[in-house]
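J.: What TrEMBL lists as region 'Disordered' is 1-49. Residues annotated as compositional bias 'Basic residues' in TrEMBL: 26-42. Residues or ranges marked as domain 'Response regulatory' in TrEMBL: 110-229. Taken from TrEMBL, the feature 4-aspartylphosphate applies to D164.
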Amino acid sequence: MRACDRCRSPPRSGNQDSRCRDRHCPPHRPWRRHGQCRHGRSPPRSPAYPPPPCPAACTPPTAASCTSARPPQWHVCPISPFDCSSSLLYAEARYADCMGGETSRPKKIQIAIVDNDALALKFTGLFLQRTNPVIRISWTQTEGRQAIQQALDPVMQPDILLVDMSLGDTSGVSVCREVRRRTDRVPVLGITSFTLGQYAQRLADAGGQGLIGKEGLSRLTRAVNVLQHNGTLSGSPVDQTPDVIFDNTETAHRRLRSTTNPLQLLSPTEQRVMELYANGLDLR
């Protein structure tokens, strides 16, 4: 019987291998045989245990890329709403936290949602938080004008603003235009249950960074990840309007500040009337 290779203590009685009888010896803790920490949260950091497979079930080349790269490379999984590297970073941070490591928990992505449908508002928030653990819903709003004030407030300013295109007191395009005219810090992602072509170009002109349909919420989580790191959905795998180019926040902000917007001369009610006319409605 030879002693433990790590702590040099004698092996357990009757055991012919090098398993240490001290259950606190790092190489021989029982939970390490299962490839998990004792809290069952994530695999331990050890050369004997490779990084976990991609939790998003990517194709093999993509999975190898996101698990072996240090730091993990950001990319969007082709068949899953999860982002591989964000999931890996979250898992590593949870392991480091339970084991007393120095790695800190990943920074939360603060999301604000504006939708006049209270049920859709709540469901969208729950869906985003359940499908991506680093997403946090900072606030929700059903009124467009109130949402503009909160989005511009330095204390309440989110990382990404999700805006429904059809609101009660105003439109999502107007909300986006006002936010983008006054700041270049908040990316605006439009969501709608109507045809995307009805709003895509107007949202791009108003300084938005992308437009996603409500019929495919799995795309929404991926769009948030892309928007957080690329600044715009244009040219990404989740872009549903390839014919429309969305600028990043800095470019859109400079464009709106340098041009005179005729809608700024109209009252909110007049803006709403003009938008209804643009959608094919009339006073009859």
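Yeah, the Cβs are placed from backbone N, Cα and C, and that goes for glycine too.
No curator has checked TrEMBL annotations; they are predicted automatically.
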J.: What does the DSSP secondary structure composition of the domain 'Response regulatory' (110-229) look like, as residue counts for helix, strand and coil?
T.: 56 helix, 28 strand, 36 coil
J.: Sequence gap of 6 or more, C-beta under 8 Å: which same-chain residues meet both conditions with respect to D164 (4-aspartylphosphate)?
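T.: The list for D164 (4-aspartylphosphate) reads V114, D115, N116, D117, A120, G172, G190, I191, T192, given in order along the sequence.
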